[in-house]
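**Student:** One structure follows; several queries about it will come next.
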Amino acid sequence: MRSLQMLLLAALLLGTFLQHARAARATNVGRECCLDYFKGAIPIRKLVSWYKTSVECSRDAIVFLTVQGKLICADPKDKHVKKAIRLVKNPRP
């Protein structure tokens with residue numbers, strides 16, 4: 001019974017660690033990296049600003065901020081993303 005408790009505790013700690021690692025902050029950058037790209041239509045009218053992910057991130061991405069405060073990770077090579085970048089007037093530094 002004691003070994004089962006230890007196994008469950010280890011699984012819980014591992015799960016907590018993996019969940020934290022999923023946030024994927026780049027080292028010494030302070031910004032998050034994108035793990036996947038948004039696959040839907042980008043709501044251009046709801047976009048407020050955008051920024052590029054750090055060069056330290058493993059995946060190049062554009063991050064759009066919506067009026068609701070949501071972040072959308074997008075592929076910078078996608079033609080719809082390029083159009084959205086042109087239309088959004090306030091890129092963040």
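Placed from the backbone N, Cα and C atoms, the Cβ positions cover glycine too.
These came from Swiss-Prot, pasted as-is:
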type	residues	note
DISULFID	Cys33-Cys57	disulfide bond
DISULFID	Cys34-Cys73	disulfide bond
SIGNAL	1-23	signal peptide
**Student:** Which of the three DSSP states, helix, strand or coil, fits Cys73 (disulfide bond)?
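**Tutor:** The residue in question, Cys73 (disulfide bond), is strand (DSSP, three-state).
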**Student:** Between the Cα atoms of Cys33 (disulfide bond) and Cys73 (disulfide bond), what distance do you get, rounded to the nearest Å?
**Tutor:** 9
**Student:** Write down the Cα-Cα distance for Cys34 (disulfide bond) and Cys57 (disulfide bond), rounded and given in Å.
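**Tutor:** The separation of the Cα atoms works out to 8 Å.
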**Student:** Under a criterion of Cβ-Cβ distance under 8 Å and sequence separation of at least 6, what residues of the same chain contact Cys73 (disulfide bond)?
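**Tutor:** Non-local contacts for Cys73 (disulfide bond): Cys34, Leu35, Asp36, Tyr37, Phe38, Thr53, Ala61, Ile62, Val63.
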